[in-house]
């Protein structure tokens, strides 16, 4: 039988694991239950969550049973890594609705090309809400080491900088450890999966299971997806645009374009992390790439096609492919009215202008520009094209001939930003 752990290591999908020899042994002996938790702290997962999700899917493909724990309770607390802001606690009023949305996203991905796979989705609110404080502190709290929590890097940093740490934050580690104890006791779970920043929480859970249930259990962490500045890609950091899995928040076209623009040095790492293309095929592609038998765009397209298909399905992928072809590889004179209607449903930016709006107004109102000063700057720098013709007048007003089929105008800003104007009959 294929060595699943070695396959995951070959793909650089494992950061740490607690006991490789025994994990391999138990996976050979039987099909196991393993789990990963996802806290519903927003109304969608983002691409950073794809690594652990697809990790679970790989186990599912080998016949093991993934258990997804939606953190309906732990999301109300947050851990030391989550940045707080004024609206932080306010957002959690929506946790119940967010939990359902995230559950549907997870189902679509885990069941991709395998509707019959076994999958269990639970919400830790169901068992944590039943806890009695005295029983919990007496039966569980006595096994949790505050010494270990204080040794966490994020805690040491906060203490050194004299930052406030609430009891609520400490409780997060206790409750996450309790999840593992509960799941081992009631669902026979043997492995917990988490991002590399969750290592200490996973170890706390393992210790708790060992001490109370007297069972040997394990943990595996996956690498984190980081931003260009090295920080963890997450919804709490708005320095760079977050790529969400919900097409209402990040359109399928934007999602597809994100992967099409993957830097050359990350293409093959991402093919290993995010696709089910075999390692032998990836290595062949890599050889062709370095021998210049295929160009970077061809490799990027394979990556974008595969990930978009997994997350959004084949029909949405086809739509994103067609929109990309129309916008980048066809002359605007070659586009039919049907092509424009297709573009209008593809997920590119759409704006319905008023008849008295000039170019600056439209750039700002369509969110192609942040302000009128910014709009003026991009116009004067020759960065704006209207129906593929450069426009340098800051007071330009749209005329009848700018409205293709008396309905559409395509604005392009720079090399990659588009907005389709759809004119109403005034």
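FYI, residue positions are counted from 1 along the chain as it appears here.
Note: Cβ is positioned from N, Cα and C throughout, glycine not excepted.
Residues or ranges marked as L-tyrosine binding site in Swiss-Prot (evidence: sequence analysis): 35, 172, 176. What Swiss-Prot lists as ATP binding site is 235. Sequence annotations record features per position, and here Swiss-Prot assigns domain 'S4 RNA-binding' to 357-414. Per Swiss-Prot, motif ''HIGH' region' is recorded for 40-49. Swiss-Prot lists 232-236 with the feature motif ''KMSKS' region'.
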Recorded L-tyrosine site residues 35, 172, 176, farthest C-alpha pair in Å: 17
Across the domain 'S4 RNA-binding' (357-414), what does the mean pLDDT come to, as a whole number? 94
Name the secondary structure element type, per DSSP in three states, that contains residue 35 (L-tyrosine binding site). strand
Tell me the Cβ neighbour count for residue 176 (L-tyrosine binding site), meaning other Cβ atoms within 10 Å of its Cβ, over all protein chains shown. 27
Just how many other Cβ atoms lie inside 10 Å of the Cβ on residue 35 (L-tyrosine binding site)? 23
What is the number of residues in the domain 'S4 RNA-binding' (357-414) that are helix, strand and coil, as DSSP sees it? 19 helix, 14 strand, 25 coil
Checked against DSSP, the composition of the motif ''HIGH' region' (40-49) is 3 helix, 1 strand, 6 coil
